[in-house]
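The feature signal peptide is assigned by TrEMBL to 1-35. Per TrEMBL, the feature domain 'Peptidase S8/S53' maps to 406-657. According to TrEMBL, the feature active site, charge relay system maps to Asp414, His452, Ser644.
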Amino acid sequence: MVGANPASVSRSRPQLVALLLLFLTNLDNIKEVLAAGQPSGHLGTGLRGILATASSSSHLVLHHRTVLSAAATAQAQALEQPGETAAAAAAATAAAAIADDPDDADAGSDVPDLPAAVPAAVACAPVLRLSKGFTAAAAAAASITWPGCSTPSNRLVWMPQRCGSSLQALQYAAVYAISNQTKLLARSSINGAPCVLTRAASSQALTSQLLSPSCGTAPLAARSLPVMVCAAAAADPCFGSTPQASTVTATMRLVTPVRCPSTGELIRLLDYSGKPCGPGSKFTQWFQGTSRSGCRINAASLAAVLRVTSSTPQTAARALELAKASSDVFGSCGVPPALAVALPQNLTCSFAAGPLVGNGNGSGSGSPEMPKTAVKAGGQVAAPLQRIGVGVDGQVADLSRIADEQQVTVAVVDSGIDRTHPDLNVVGGKSWVTASALFSNDTDWGVDYYAHGTQVAGIIAARNNGARFVGISPGAPLFALKVFNGNGKGSWSSIFQAIEWVIAEGRQQYNIRVVNLSLEISPLGNIDPNEPGYTDVYAMACGLMARADAAGVLVVVSAANNGVSLRTSFPAVCQSTAAVTALNYDVSKPLHSSNFLEAAANDTEKAHIFAAPGSNIPTTQPMDYGSQTDDPNDIGTYFISGTSAAAPFVAGVAANCLMSGACAQSSSGSDIISKLQEAARERAVQQPASGFSGDPMTPNADFAGRYYGYLVWSKW
C-alpha cells in the first residue's frame, strides 16, 4: 500500500519486488508554481483536503479560468470571414496588369479594404480565403526588412498555393507589398521594380525569411500564417456532380473589370474555362476567360500585354507582374482567382467538417479522419487541446457518425469515474478497492471520492454537449477500473489485476483498446537501473505491458513528476507502453517536474515517448464536489496538472486513431504507438513552430541532455 516512508525502508531485492510504492502523478513542480504564479492543482488530498484548502487556492483557479475563457473566446473569433482580404490588392493590381501599361489602371476601381492581420490561432484557411492572401501579425511585419518595399506606407500580403499529396497543405511562394494609399502593387522606392517576391527572382536572404521553406510550413518571418486548408464547407462553390467532359465552364462577374488585351475594352463578365487538376482530379484549374464580345484572356495574351520577351530589358520585373496577374485572373489548382472568388474549385459537392486531413498545423498525408461537428454553443475547447489540433477550426470529433463496431472503449485505471457526470459516457467498470469506515461505498467503481479518475476521464472524452469543456474524443465510451480508494491509496497488485482483466475479458467484452494509467509504480524512489532487483521489477511490470500490447491494447502511462530519468519509473519505462511527459500551459517548454528519457538513448527507446500539455488542464470532476468558484456553472469542472494530465491527451488521440480507421482495428498497441509517432514527427518536421522549445527539433539549453518526445498531434 502507498504510505510507507521510502527513507525508512532498505532497498533489498525482495523488498523491491514485493513492496512497490504507488503514486498518483498529477503534482506540479513547486518551482514551476512559484515562478509562474500558477495554482498547484489537485494535490491528491482527498475530499476532506480539498474542502480544507479551497479557501487558499480557489482564487488562483478562478484567475486561470478567466484566462482560459478569454483565450477560448479570442480563438473562436480569430478566423477572419471572407471579405476583408488582399483581394484589394489582387483585384486592383490585376486590372492594372492587363491594361496597355501597368501604370494605366483605372485608379477609381471599387476595391475592398486591405486585410487585417491573421492571428496565430488560425490553423486552417477556408477555400474562399485562399485567393485573398494573408498578412502577418503587426509585430512580425514590423520586423521584416525588404529594402524599398517593407515600408510604413506598404502592407505585405502573402499568397498561398495548395500543396501536399492531397492538396490539403499550403505553401507561401510569393509575397507582395501593397500600397496602403493606392491599394495597388507597390514599387520599390530604391529602383522602381514591382514589390513582388518569389523564390526564382529574389535573393536567397529574403526568400529564406519571407517564403515557406517547404510544403505545409509558414515563412520564418510570418509564423502566424495558416498552413493547411479547412475542409470543404457548404458555402464553397462546387459543380454538384462530377463533370463528364475534360473541360469545365462557368460564367462569373469579376470583382474589378479588366481590359481586353487586344481591344482595350473593359470586361466585367467572363466565361471561364477550366480543367480538373490535383489528386484524383478533384479540383479545378482555370486557364482561360472569354468575354461576351469574344475577347480571350489567357496566359499567352497576358504575356503579350506585359511584353515578357527575352529581348525586353525589364523581363524579370514584367515576369513577376505576369505571375501575379495570372494568379489574380486564373488562380491555381484548387485556389480560385482573386477576381472571381466564387468560381467552383471542388468538382463535387462533398462536404466534411474540419480540416481536409489532420487537425492543427501540418500537412497531413491523406489518411482517414474522424467525422466532425461544430463545438456546441456554451462549450469550449481549452487552449491546451487546441495546441495539439483539437477544435482549432471550431470542429471536434463526432462519434455519433461512427459505426458501433468501429467504436472503441477507453479504460481508466484510477480512482473510479463519477457515473453521474453528464459530460461523461461511462459504460461500465470494475473495482478492486475494499470498503473502509471513512468511505462506506468506496468499492463502487462509479463513485470517485478522490476525483482523480474523473479528472483524467474528462480530458479523454468529455462530451460536446454545450456545457463546460470538450474532450479530445468527445463522448467516447469510458470504462472505470478502480484501484485507488478515497484517499488515493492502492496496491500495485490491484493495478496488475486490472490490466490482466482487460487482456482476458475487457478487450473482448467491451472492445477496450486503450488503457490510461496516470500513475507510477515506483520501486522505493529513484532506483538506478543497475541496482539489485531492478531487473525483476522490469520483467514483472514490462512483461505484463507486453502482453497487453500483443492483445491489441495500448497502455498509455504518465512519465511521473520527479524530474528524473523515467528509467526509474514503472511502467513508463516499458517500451510497449506510450509514456507521456508534460509541458507547461502554453505548451512552450517542458515542466521541470516531468520525468524524461536521456537524450543519448537509442531510437528504439525513444520510439514510445510522447509529450503533451500538462499544466492547468480544465476537465471534469465529480459532481458532488461542488464549485471551485461562486459560479454554479463551474460545478463538475476542475483544473489538473502534471503528467497525470498529459497521459490522457495521448489516450484520446489513440482512440480517435482507431475509430477513424487510420489505426487498423487489427493493430497491436505498438502499431498504434508507431502511427501516433509518425503523425507527431510529420507535424514537427512540416511545421517546426507547432512544437515546443526542448523538443527534438528545437534544442533548449535548460533541458540539455533530456528527451521529452514529440508533441502528440490529434491528426484524426
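Cβ atoms here come from the backbone N, Cα and C positions, even for glycine.
Rounded to a whole number, the distance between the Cα atoms of Ser644 (active site, charge relay system) and His452 (active site, charge relay system) is 9 Å. A distance of 10 Å separates the Cα atom of Ser644 (active site, charge relay system) from that of Asp414 (active site, charge relay system). The active-site residues Asp414, His452, Ser644 differ in how many other CB atoms lie within 10 Å of their CB, and the one with the most is Ser644.
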